[in-house]
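Structure first, then comments.
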Amino acid sequence: MDRNQRPRSILDSLGEELIAILTPVSICMFTVVLLVCILNSDPSSSSASFSSIATAAYSESDSDSSWDKFVGALLNSVVFVAAITVATFVLVLLFYLRCVKFLKFYMGFSAFIVLGNLGGEILVLLIDRFRFPIDSITFLILLFNFSVVGVFAVFMSKFSILITQGYLVWIGVLVAYFFTLLPEWTTWVLLVALALYDIAAVLLPVGPLRLLVEMAISRDEDIPALVYEARPVIRNDSRSVQRRVWREQRSSQNNANRNEVRVVESAEVEEEHVGSSERAEISVPLIDRRPEQAENSETFLEGIGLGSSGAIKLGLGDFIFYSVLVGRAAMYDLMTVYACYLAIIAGLGITLMLLSVYQKALPALPVSIMLGVVFYFLARLLLEVFVVQCSSNLVMF
């Protein structure tokens, strides 16, 4: 291999990496939009009966003024973000105290509740909507089995990666759909507040998510979390095999078992080629099943990063709030949905490019959410007026 060759960057395969992460994100958003269009075409009726911690400080009413709605939505967002911050710091404390088994049990129980409770509610609504004949006992048995399998698929690595990815996307769909039932003003202010929180939690030195990641790196442990990991990009070539090459600088002062790892890169190594110099090259398959050898083997709760296998990891919270944005837009019209979807995809692409430059965990919400919110209001205030005027004057129809 040519030693002067530039190390392979994620920019060289940005197209495949984008598809690997944009496909599940798009499926999640499309499913939420579909559920919104089927189940609650009238947002006012569904919002009034739905309450959660996101509406603890203020309950929006149609008779309230716009200023009152904004202030109330701001209070709701502060309460919600504060609750998330406290919960995340509790998670940091438990991880610091090495209560990993308890965290895994808690995450598994949470996944079971989401699949069983929220999933059951949505399935009941769909059954009622389409008049599907099924008895309650059969429904409960199927729902229980589906939820149990989902918990094991998400938190046990022996399952197929496609099954795990499918369950993660479905969990994101369930949570996102119920977030779309929040009042309109609360939804938009909450999305902006969560984007700002994501920046602080991931990038600030005292951010809870950054503390978790640094602690996991220092201990060489995984954080129990709901994280979507895309498959790594593997290129097939008739003459070469893609490998991860660990270059070790052998030192005469140390024995062979304590070599210092200098560079970790993906390269195409000829199968016949065997290096013979002071710098030894050990090639291993690109999909490495030994996470303890990787420097970036941590699991991110939110944000975007690179896993030990070279695959991109995206927190399930990002799936959820992307889908909340387009789901809320679907309550207005589909033209706004298209605009918000393109804005989110563009923001995610920008975030992936930043990831390729900085090579560390980055918040995935800010760029996409900000672009999505801006495009939503531009579509409602400008694009709709333009399209209506063009249609009424037969310029387009």
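From the backbone N, Cα and C atoms, a Cβ is placed for every residue, glycine too.
Judged by membrane topology as recorded in Swiss-Prot, ASP135 sits across the membrane from ALA216. For the active-site residues ASP198, ASP318, the ranking by surrounding Cβ atoms (within 10 Å, all protein chains) places ASP318 first. Sequence-distant contacts of the topological domain 'Lumenal' (327-336), counting only residues of its own chain at least 6 positions beyond either end whose CB sits under 8 Å from a CB of the stretch, comprise 29, 32-33, 35-37, 40-41, 43, 176-177, 179-180, 184, 187-188, 376, 379-380, 383-384, 387. Contact between the transmembrane segment (18-38) and the transmembrane segment (159-179) is present: at least three CB pairs lie under 8 Å, with pairs separated by 6 or more positions in sequence. Contact count against the transmembrane segment (159-179) (Cβ pairs under 8 Å) is highest for 107-127, out of 77-97, 107-127, 189-209, 337-357.
Taking the C-alpha positions, the distance from ASP198 (active site) to ASP318 (active site) comes to 10 Å. Taking pairs at least six residues apart, the transmembrane segment (107-127) and the transmembrane segment (136-156) share three or more Cβ pairs below 8 Å and count as touching. Residues 104, 107-108, 111-112, 115-116, 119-120, 123, 127, 163-164, 167-168, 170-171, 224, 226 of the same chain lie 6 or more positions beyond the ends of the transmembrane segment (136-156) yet place their CB under 8 Å from a CB of it.
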